[in-house]
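S.K.: According to TrEMBL, the feature domain 'SAM-dependent MTase RsmB/NOP-type' maps to 164-420. What TrEMBL lists as S-adenosyl-L-methionine binding site is D279, D320. According to TrEMBL, the active site, nucleophile annotation covers C373.
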Amino acid sequence: MTFASEARLAAVPWRALQGLAPALDAPLAAVLASEPAERVVDRFLRAHRELPAEARAAAKEAIYGVAVWRRRLGWHAGAEVPEASQPLCPTGGKGRERGPSRLLLAALVRDLGGVAGAEELLELRPGTLPPPRPPPDDPAIRFSFPDWLWAAMERELGPEAPRLADALDLPGPVCLRPNGLRTTPAALAARLAAEGVATAPGRLAPSALLVTSPRPNVYGLAAWREGLLEVQDEASQLAGALVEARPGEELLDLCAGAGGKTLLLAAAVAPGGAVDACDLDPERLRRLSERARRAGAGELVRVAGAAPPAGATYDAALVDAPCSELGALRRGPDQRFRLDPAAFAPLPGLQLGLLARAAVRVRPGGRLVYATCTFRREENEEVAEAFERAHPAFAREAWRRTWPHRDGADAFFVARWRRG
Ligand SMILES: C[S@@+](CC[C@H](N)C(=O)[O-])C[C@H]1O[C@@H](n2cnc3c(N)ncnc32)[C@H](O)[C@@H]1O
């Protein structure tokens, strides 16, 4: 069986890499030494504006492909690929003269891309790669995940885990949120169509629009500059929608970050309402203020700093908690090799503490919403259940999970309670 993430690589115009291999050595070495692929791709494309579109597309796939599939490629190339980002060491001496990254690229192009003559295309001696072999049986190697991450997926999903792994190896859809202060989903869809971008209604969140035309540069659209939309995953939109904010309400967004959900909430409480936005990170709050102004939500969002004003209470509070972010891995697929699972240990305590801080701000009859973008139950159901045990006045109203392979959206957990 071929998985969609594998089949996708067979459709890349790899032959357009002709003559590009030497220029790709440094970017490939950079991603293998743990620089984020997105940044490396951006730098490469800026430095090579002369390249035709097909070569640019193939170079981008080459850099992302080696960054993400490195573990699988090492298996095909006979090179040891460490699970964390460390310098790579080929076991055989062959190919060393071109650097191990070129060998991995050749494995990508030959073994996943299906290109005969990949070595010649990439200026390697024929026979540098070991003979081709069928996909590995070990799913962690097949889907190119560190062992600990594969184990976490298997623990959550059992036999369904390969479908999640496959989905996380595919680029996520581009999902848009119409700015309810300035437009409607139908009006935005028509406006985008006029700008050459086709969309379809989302399946999870009430007003989400999924881009169906080939990945456009959304930030280059006039509709974006005019503040008509935000790029926001559908699961994130669903989490905001589950707050069920109404016009005139006062809300607390305790972990507002750069404001993805704050802006959604601000549009929902207009007219007459307000959202107090808090975060520990002042830089994110600065970006939030900028985005709120662009969206026409400047009057609705009050940036409160690290904590809400003393004594303030709210109709609803959202805790979009810091988490391991494993559910959003499609947004930075090579991140999997930079994560240290030991860093997740303090998260449930932090999450529970944030929930308790938000709970005291919720007025009687008001709502408390907890959201994460991870699939680890230690940060999801287990935190939410611990909160319930300690806060019997809060009655459970909603309990949702989303999954990339089932819903086409990031893996989120959302719980909502009502204070008695
Ligand atoms: C998942 S992100 C928030 C994303 C944001 N709500 C959005 O929709 O764009 C979690 C945020 O929690 C913040 N954070 C971490 N610890 C915190 C704390 N103790 N109090 C408040 N915010 C905290 C982080 O700075 C980060 O911005």
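Every residue gets a Cβ built from N, Cα and C, even glycine.
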S.K.: Find the average pLDDT over the domain 'SAM-dependent MTase RsmB/NOP-type' (164-420) in the predicted model and report it.
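M.R.: A mean pLDDT of 97 is what the predicted model shows over the domain 'SAM-dependent MTase RsmB/NOP-type' (164-420).
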S.K.: Far apart in sequence but close in space: which same-chain residues, 6 or more away, have a Cβ under 8 Å from D279 (S-adenosyl-L-methionine binding site)?
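M.R.: Non-local contacts for D279 (S-adenosyl-L-methionine binding site): C255, A256, G257, L285, L288, A306.
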S.K.: Give the distance between the Cα atoms of C373 (active site, nucleophile) and D320 (S-adenosyl-L-methionine binding site), rounded to the nearest whole Å.
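M.R.: Per the Cα atoms, C373 (active site, nucleophile) and D320 (S-adenosyl-L-methionine binding site) stand 9 Å apart.
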S.K.: Under a three-state reduction of DSSP output, how is D279 (S-adenosyl-L-methionine binding site) classified: helix, strand, or coil?
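M.R.: Its secondary structure by DSSP: coil.
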